[in-house]
Amino acid sequence: MSDTKKNEALGKGGELHQHAASPEGRLTSNQGVAVSDDQNTLTVGPRGPQLLEDHLLREKITHFDHERIPERVVHARGYGAHGYFQAYESHAKLTKADFLQDPAVQTPVFVRFSTVAGSAGSPDAARDVRGFAVKFYTSEGNYDLVGNNIPVFFIQDAIKFPDLIHSVKPAPDRDFPQAQSAHDTFWDFVSLIPESMHMLMWVMSDRAIPRSFRMMEGFGVHTFRMINEQGDVTLVKFHWRPKLGTFSLVWDEAVVINGADPDFHRRDLWNAIESGDYPEWELCVQAFTEEEAAGFNFDVLDPTKLVPEELVPLTPLGKMVLNRNVDNFFAETEQVAFCPSHVVPGIDFSNDPLLQGRLFSYLDTQLSRLGSPNFHQIPINQPKCPISNFQRDGHMQTFVPTGRVANEPNTLDDGAPRECPKTGFSSAPVPEAGDKMRTRPESFADHYTQARQFYRSMLDVEQEHIAGGLAFELGKCKELKVRKRMLGHLKLIDEGLCEDVSKKLGMVGMADDIKPAAPVRDSEPSPALSQYKKAPQTLMGKKVGLLTTDGVDAKWLASLQKAVEEEGATLAIIAPAAGPFADSSGGEVTPDDFLDGAPSALFDCVVVAPTADDSAMLGKQQAAANWLRMAHGHLKVIGYTKAAESLLDDAGVPAEAGQGVVAVDGGFGDFIDWSKKHRVWDRP
Ligand code: HDE
């Protein structure tokens, strides 16, 4: 019997390896033997030594001792969820990939979001690139789109990846700093490779501190190929567009969040899915021909370049909805194994040298991380279509292939699987020829033009954040030569940026003189690159923090709750103490959190509504005054009741309606309108 038949006999997909729980709820050993006492080890007498014979103790402790597997060498900190992808219509013109043909079909997906540099226990809101990896369980096999939330990358050739990662990870002698690029080894390395300049602009921008996984774009980064039934080949770049819009934290807020709630992003995703507020993204491609690509003033095989949307607009393909949290973090999120080499018929690679290196690396890393070539048999990694071949044995083989034949071709087993020349995966027949060489193409030499285009496409406030990010990170570099070299690169990107950062570092006029390998060109700004130029005005998916006290007006509270929910946002009630309190009608209110546990950094906008007595009392407490000051400093919209005026005064927060500090006694219209702007960017 082939593997396929055996799979069918056992059941499908995730059910395949689920062990049956004992119907009587019996606790058993791993051998299924019922355990009579799980509290006490076997000893000689009540106070005597333990016996080696205690097989139950040894089994339990040994299993525990081996619970950890190596964390991912990059992207160790991540969080996943299940959902589905659905095409809007047939995309047969572009590709024959089955999951992009029928708008009635929902293809199951598993997504894992991650940070790159930090270890598995590092905080969520670190300044970093975010991984955005999607496994499509298609009817033709698994397709992994393993992308990031930034459309370009630091390096052009995979051979530099170990150096890049070693430079950003904690220094090998002292093992710090954790989850940060703000240190000498990173900036020394990137300042020596000008190809990283474009990516550095993105990583120093707000993109690297997303508000939520749900509010993040995703990109396939490399150029891929799509092939249709007729064999026509189109080049594509993949984009994921979040339904909620793309939003970010501000740096100081991220710093606070990392202390107050290191699980900020995973908690946000988990809560949204648990409450039925399912996150959604649109999958789009930029599709273009080889001939069109030849006319671009950059090389589409260079992963440090993007294709401006003004040059090639996005074609929407379908939507992805995440609607189920995992049952078990380790079994699913930790053991999920993505490989860019997992493609299905109709999708193919390009010669991007970074992509080509990745095609090797991921399979290799899964072998070391999951310990066996049979990692595809782990339920989260199993295709939801039949698997049928003659690969055999290996560590942790869980399939039980039968029959005497394990080779192909054969004439001994009629039921054995055979190749499918027409429908099986085949590579695009692209002609290739050339000498063997180690070289970088001339067409990859311009490292500054797109970095400049990105910087100059930003709003003023976005540019200020980039300068702030650079100054923070370079300020942590103790080596002056590294700072000077970086300032030299910034000067080539934009003189104003170089000046801003130089001033912040107290190093005006100290930039190195760097000669670019190719002339730096001015290009038209690309408005699509600015996050906040195109941000939707919405409160959807956001969180409003209400600071209130005992005796709050019950009707007012209910109407605030309603107003917030109508906008698709959630209200979190914060009180001076963690226990329940009474509203004006005597009803019990259980706060979601309390002042000492929930700084205002955790919310997108805030309302303060203490009773008059409590307002005076809170004004004398640092925690309450800081709560407000911080919200004001983080440019958040603040709603306040009349009774809160003294608290605002005590906190030194001016009640200026024109600056997004708005009264909410008479209704919530103004407050909601302001809050939809996300932040009051021009607040002094
Ligand atoms: Fe990865 N990368 N990467 N990477 N990458 C891994 O694979 C690697 C790159 C990305 O949630 C590793 O399973 C090389 C670009 C994501 O499980 C490893 C190069 C992009 C994830 C690896 C790159 C990514 C990884 C570590 C340069 C965006 C997390 C654990 C050639 C397009 C997937 C693992 C998850 C993970 C290698 C560059 C995205 C070692 C060699 C560019 C989202 O295989």
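Cβ atoms here come from the backbone N, Cα and C positions, even for glycine.
Taken straight from TrEMBL:
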type     : residues                          : note
ACT_SITE : H75                               : active site
ACT_SITE : N148                              : active site
BINDING  : R72, R112, F161, R358, Y362, R369 : heme binding site
COMPBIAS : 1-18                              : compositional bias 'Basic and acidic residues'
DOMAIN   : 28-416                            : domain 'Catalase core'
REGION   : 1-31                              : region 'Disordered'
REGION   : 405-439                           : region 'Disordered'
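Residue counts for the region 'Disordered' (405-439) under DSSP (helix as H, G, I; strand as E, B; rest coil) come to 0 helix, 0 strand, 35 coil. For R112 (heme binding site), the number of other Cβ atoms no farther than 10 Å from its own Cβ, over all displayed protein chains, is 24. Ranking the binding-site residues R358, R369 by how many other Cβ atoms lie within 10 angstroms of each Cβ puts R369 at the bottom. H75 (active site) sits 12 Å from Y362 (heme binding site), taking the C-alpha atoms as the reference points. Contacts of F161 (heme binding site) defined by a Cβ separation under 8 A and a same-chain sequence distance of 6+ are given as I155, L354, G357, S361, in order along the sequence. N148 (active site) and R112 (heme binding site) are 11 Å apart (CA-CA, integer value). In the three-state DSSP scheme, R369 (heme binding site) falls into the helix class.
The separation of N148 (active site) from R358 (heme binding site), Cα to Cα, is 14 Å. Among the residues R72, R112, F161, R358, Y362, R369 said to bind heme, no two Cα atoms are farther apart than 21 Å.
Sequence-distant contacts of Y362 (heme binding site), defined as residues of its own chain at least six apart whose C-beta falls under 8 angstroms from its C-beta, comprise V146, A337, F338, C339, P340, S341.
Per-residue pLDDT, averaged over the domain 'Catalase core' (28-416), rounds to 97. Note: the Cα of N148 (active site) and the Cα of R72 (heme binding site) are spaced 16 Å from each other. Note on N148 (active site): other Cβ atoms within 10 Å of its Cβ, all shown chains, come to 24. The Cβ of R72 (heme binding site) has G78, S114, A120, T365, R369 as same-chain neighbours under 8 Å, each 6 or more residues away in sequence.
Under DSSP, F161 (heme binding site) is assigned to a helix (H, G or I) in the three-state scheme.
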